[in-house]
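Scroll down for the structure; my scribbles are underneath it.
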Amino acid sequence: MGRKISDLHAAGDLLSAKRWLIVGLVANLSLLVFFKYFDFLLGNFSLLIGRPYQQLGLALPIGISFFTFTQIAYLVDCNAGKVRETKPESYGLFVTYFPHLIAGPILHHKEMMPQFDQPDSHVFSRGRLILGLLFFTSGLFKKVVLADGVARYVGPVFDVSQGNLTMLEGWAGALSYTFQLYFDFSAYSDMAYGLSYMFGIVLPINFNSPYQSRSIIEFWRRWHITLSTFLRDYLYIPLGGNRDGDARRYLNLVITMLLGGLWHGANWTFVIWGGLHGFYLVCNHGLRHLLAGRDNWCIRVLGTLLTLLAVVVGWVFFRANSVASACAILKAMAGGTMLSVSGASLGINRIMDVNNCLVWLAACAAITFLMPNIYQVLGTGLRREQERRLEQGLGGMLLGALLLLSALLLAISETRGVSEFLYFNF
């Protein structure tokens, strides 16, 4: 279909190309809506008409949210005459390339398809294997030790959030999820990058220390970078972007973020999360005009703290099982008592577990805000000189150490049972 659209565009038959594009978009979006949103849409419709509805409970195909966007971008660019690679085998490899399918990044044909034809990517390199393992092991450590470690403090708050939470418990649960999601998503991003790098294919960076952002605008340039890029290029700009004045610009931002929230899951909590970030972005753009030309350490620190606070509030809706649960947690965070014994049904030891949680939060915060990320340490792109050095000398010892550490981390993970990546659900 992409080749057909490209051929029609090259022949100047733009109307037919557009018709084929519409067919392709409808086909892709229909599958996504059927598998991901069918129960959600009919469930809400049944509430409106007052009739019961039996959910289908369809299993979500792995990676459908990611490869759907990948294919949409390809078809849209074919219609715009921007696609140079239309060979079926290259396209098939591009869409089915496995390292990214579970939790991203969202791949773009312009970045990926030329790499598949490079002869160097078909040759084994021990240096490339070691560098890939460095990224992979870094991600595995974040997942097994940090994300899964702090996750134990999330469930007791979010899964029984209708209980009488204290302020301390509300904040402990919200911050625990804030760091769980951070390290879980960072972990998969590192592991996918490293696994792909072993094959000589460089994935786009999808995660770049987003909690160090000084504004929500900067946050979305660092968090799920490929999703932000897709939403900007294929939704926000086609809606009009910032070309028709501030009012239209802000409306386009809110629409984009609402749909971005819905992309994450079929629940009103995700829609509210997206709407919150749309509201945040509108406020951020307005404040940026007011603070233009002012920049000092106080504004930078305040900006970082306010951004993190806004993000934490959003994550409460993102994680909560329902809007009511999210509101209950936010209510506790805003005005619950510091300590009580009224919520014993939550199964939380009010002193010991909270204290342990605070230690975990302090450790996670130190790593998040004080340490460089793996891309800052190793750089980006293909590292020819680093690979050459690892081909000799201590490269073999480092390879053995990384394999041993990976095996140890996997063994630790096995003892805890199955722990899926959070973005696996999206």
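Placed from the backbone N, Cα and C atoms, the Cβ positions cover glycine too.
Since the structure is predicted, the reported quantities are computational estimates derived from the model, not experimental observations.
As given in TrEMBL:
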TRANSMEM  20-38  transmembrane segment
TRANSMEM  58-76  transmembrane segment
TRANSMEM  129-146  transmembrane segment
TRANSMEM  191-207  transmembrane segment
TRANSMEM  249-276  transmembrane segment
TRANSMEM  297-317  transmembrane segment
TRANSMEM  323-346  transmembrane segment
TRANSMEM  358-378  transmembrane segment
TRANSMEM  393-412  transmembrane segment
Check for me, if you would, whether the transmembrane segment (129-146) reaches the transmembrane segment (58-76) - at least 3 Cβ pairs under 8 Å, residues 6 or more apart in sequence.
no
Residues of the parent chain within Cβ reach of the transmembrane segment (358-378), under 8 Å, 6 or more residues beyond its termini:
131, 134-135, 138, 146, 149-150, 153, 172, 175-176, 179, 182-183, 186, 190, 205, 207-209, 211-212, 386
State the non-local partners of the transmembrane segment (249-276) in its own chain: residues 6+ outside its ends, Cβ under 8 Å from one of its Cβ atoms.
36-37, 39-41, 65, 227, 231-232, 235-236, 239-242, 282, 285, 310, 313-315, 317-318, 320-323, 326, 425-426
Cβ under 8 Å, sequence separation of at least 6 from the ends of the transmembrane segment (191-207): give me the contacting residues as numbers and ranges.
97, 99-100, 102-105, 107-108, 111-112, 115-116, 118, 120-123, 125, 128-129, 131-140, 143, 185, 222-226, 373, 375, 380-382
